[in-house]
Amino acid sequence: MRKYWNSFTDVIFKTPMATHTVKDDHEKQQQDSHVGSKDENIDRGNWTNKKEYMLSMIGYAVGLGNVWRFPYLAYKNGGGAFLIPYVIMLAVAGIPLFFLESSFGQFCSQGPVNVWRALPIFQGVGVAMVLVSTLVGIYYNVIIAYSLYYMFASFQSPLPWSDCFYWSNSNCSLTPREVCNITPAANWSEPVFAANMTLWENETCPKENIIRIPVQSPSEQYWDLVALQRSSGLDETGPVVWHLALCLLLGWLLIAAALYRGIKSSGKVVYFTATFPYVVLLILLIRGVTLEGARDGIGFYIGSQSNLTKLGEAEVWRDAATQIFYSLSIAWGGVTALSSYNKFHNNVFKDALTVCLTNCGTSVFAGFAIFSILGHMAHVYGKPVSEVAQAGFGLAFIAYPDALSKLPISPLWSILFFFMLLTLGLDSQFAGIEVISTCLQDAFPDTFKSKRSIISVGTCAILFLLGLLCVTQAGIYWVTLMDQFCAGFVLLIAALLELVGVVYFYGGNRFIKDIEMMIGTRSSLFWLWWRACWFFITPAVITVILVWSLLTFRPPSYGTVQYPAWGVALGWCMIAFCLIWIPLVAVWKILCAQGNPWQILQRC
């Protein structure tokens, strides 16, 4: 039985390339390199220096989710107490997966598809990662287009969403509207309006008769009526919103220009795009803490609301795990692609640890900057912070712009904020598009050799055309649909199979020896922790998140707008389209394998 299993694995899991080691390839590349070359890998190239790689990785990991999702999760799940499950999940899931992916890419010097050449039946996992990065790239650049539009709109004084101007409707108001019902309920006709509690203060209207009428803030109406020109639902597509389409085109032009020469050009751009968000966050924090009400906002975020009893709720641990998982961009293929351009003996462990800690530190730091200004907004409106705090699009394009409009020199702060969102989005997009370009170059090295610019520009052009659906009047519904489905189950399944393939089929101990070949031998105590995570803890955490996500799945919605059944079905089709390649590629590799694996299976 044992010999049959060995024969089976030799046929299915090995290819002619696997008969020699990566170390042999590395030595051959050094022998073939011409005098004066700084690249170990002549065909693919390497990062010009370590700084460009680190800034690219930090820029890829630190994205919009650090600014508009983590602060919301923190105050929702117990304030400062949320840091306990957050750090634990970072240790048992985030860093182990990030370390594994970056080591895998650096050791093989290949993108997320070609790294599986030693385990061909798992190549479908890499294909799924590339497809997810492609789908996410389509709608993620639409968010960049939103940021560009708001940044350009901020070059006005006053800001266009600071008051109910000509574009608003009768439901727009800066202050709450209340009515006084002074007639008996049986004979109720038209209630009498109370102007901002005047009737109550004059004791003309009893408190129990005051009724608050729902209104929309100017920033909310500007987002719906002007920026998005939002339709009633996914069924009503409407025409293309041309100001967003032009911003989308500009966003893709910026990405194509940065990736024109691959990592050789994007590595220069990240010196600015990866560092500028920290400058803006620091400026916003300094300005925010000087505002009246900032202490309440910060206290609500992580201080006075700290609640250790929340740790007994399972949902808190799930939120911590999912935030760690997605904020580090694990299983998207970008970590593997960027690491594949490292030199062979680069200390990948130190890099992975630095990037993960920087990413999580940025999330915590961003929360202080965000909630200090939201606290001031709550003070101005006379509301509790909980009523103005939002997540996602509501924070970035409704609540925070509204808060900034209340500051002196508001256009300046608004320009800085949206330019920060732009740079955060561009960094993540650089790596996402790099995944596609790297895989095409690795798959067809002879065809695309010295044609990196054509790959980058062509990829950006195609994704721009596909993204036009997301800048129609129903565009925000498509963006939300793709975000909830594409960036969910597929990533969890791909990460789980990645662990299974590397640890249980390639061999966890063998993989550790490969890493030791790159970074030097480490103590057995050092590897004890990584073995525990890779073999047991991390797969268990991913499995629990996956099962729980399936059991608690709710159909997507945008605000109060529910998606039609065909829209939800389309979301599941997106998931199936990405995952179907995993079994298809596995079957294809088995059928194309040398020998007759079916007879071997029968004998087993």
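Cβ atoms are placed via backbone N, Cα and C, with glycine included.
Here is what TrEMBL says about this protein:
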type	residues	note
REGION	21-43	region 'Disordered'
TRANSMEM	53-70	transmembrane segment
BINDING	GLY59, ALA61, VAL62, ASN66, SER327, ASN359, LEU424, ASP427, SER428	Na(+) binding site
TRANSMEM	82-100	transmembrane segment
TRANSMEM	121-152	transmembrane segment
DISULFID	CYS164-CYS172	disulfide bond
TRANSMEM	240-260	transmembrane segment
TRANSMEM	269-286	transmembrane segment
TRANSMEM	324-341	transmembrane segment
TRANSMEM	353-374	transmembrane segment
TRANSMEM	412-433	transmembrane segment
TRANSMEM	454-479	transmembrane segment
TRANSMEM	485-507	transmembrane segment
TRANSMEM	528-551	transmembrane segment
TRANSMEM	563-588	transmembrane segment
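Overlay of TrEMBL annotations on the structure.
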residue : record             : CB count, 10 Å
GLY59   : Na(+) binding site : 26
VAL62   : Na(+) binding site : 27
CYS164  : disulfide bond     : 19
CYS172  : disulfide bond     : 19
SER327  : Na(+) binding site : 23
LEU424  : Na(+) binding site : 28
SER428  : Na(+) binding site : 26
The transmembrane segment (412-433) in contact with the transmembrane segment (324-341), cutoff 8 A, at least 3 CB pairs, sep 6+: yes
Paired segments the transmembrane segment (353-374) and the transmembrane segment (324-341) in contact, 3+ CB pairs under 8 A: yes
Long-range Cβ neighbours of the transmembrane segment (53-70) (under 8 Å; 6 or more residues past either end): 47, 102, 143, 263, 266-267, 270-271, 273-275, 277, 323, 326-329, 334-335, 338-339, 341-342, 351, 354-356, 358-359, 362-364, 366-367, 370, 391-393, 395-396, 420-421, 424-425, 427-428, 430-431
Residue from GLY59, VAL62, SER327, LEU424 whose C-alpha is spatially nearest that of CYS172 (disulfide bond), among the binding-site residues: LEU424
Among 121-152, 485-507, 528-551, stretch most in contact with the transmembrane segment (240-260) (C-beta, under 8 angstroms): 121-152
Env. residues of Na(+) site, Cβ within 8 Å of mean position of GLY59, ALA61, VAL62, ASN66, SER327, ASN359, LEU424, ASP427, SER428 Cβ: ILE58, TYR60, GLY63, LEU64, GLY65, SER329, THR362
Cβ-based contact of the transmembrane segment (454-479) with the transmembrane segment (528-551), 3 or more pairs under 8 Å: no
Alpha-carbon spacing, VAL62 (Na(+) binding site) to CYS164 (disulfide bond), which is rounded to whole Å: 35
Residue from GLY59, SER327, LEU424, SER428 whose C-alpha is spatially nearest that of CYS164 (disulfide bond), among the binding-site residues: LEU424
